[in-house]
Amino acid sequence: MNSYNILFVEDDINLGYILKEYIQLHGFSVTWAKDGQEGLACAEKHHFHLVILDVMMPRMDGFELARLIREKKNLPVIFLTAKALLVDKLKGFRIGADDYIVKPVEEEELIARIQVILKRYYPAAGSEADNIFEIGHYRFDFHNRQLLLGEETITITTKEADLLRMLCHNINQVLDRKETLLKLWGSADYFSRRNMDVFITRLRKHLAKDPQIRIVNIHGKGFMLRSEGNLQ
């Protein structure tokens, strides 16, 4: 048994019961809320390690619920929904989702995605050399997913942290786009490429206060984190 607590918000009673039981069979503790308001109340009262949200729900949709949860808590969020349009997927990732799964989903795939995200979000402590990076005037703490600039602390998402660490490991060198997509998204298809572009844009905004740092697009190849300072 593991010690991870999952908040599962799904208004479909049959699907909710099946998935709750299946997730619990794999050692997770699951709290099942049946609408957005109930999900928000649970998130405010209890400690969770991960949230799985439907989007189309009564009383509050999943997008709004995710936004409210992420305002107060830095929790990984998975959307599990029938909304399959690209515009909906991009909206989910802009809110800060770590994954967006379109129904129907195979139970084994769902468990695999949960395990991958939890491993990224709650990694075993590694060496400081692989967790702490100096990027210009910023200090990047990968383990805690934080960018520090003077007295300011910016908490970033798991995917942003994964992508930024790969850029840091290749400072002032080209980071191959396809290789990065396959490693972080598991696919190099159109949607994954668009998704990666969203995260690159977000990282540029996070790093915008230091003019010595730029994430540049290398046409036909990938991206480069350019820094005039030293990276440790």
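The first residue you see is number 1, and the count goes up from there.
Cβ coordinates come from backbone N, Cα and C, glycine included.
According to TrEMBL, the features are:
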- 130-227: DNA-binding region (DNA_BIND)
- 5-118: domain 'Response regulatory' (DOMAIN)
- 130-227: domain 'OmpR/PhoB-type' (DOMAIN)
- Asp54: 4-aspartylphosphate (MOD_RES)
Local confidence of the domain 'Response regulatory' (5-118) - pLDDT mean: 93
Within the domain 'Response regulatory' (5-118), residues counted as helix, strand or coil by DSSP: 56 helix, 23 strand, 35 coil
Cβ neighbour count within 10 Å of the residue listed as '4-aspartylphosphate': 25
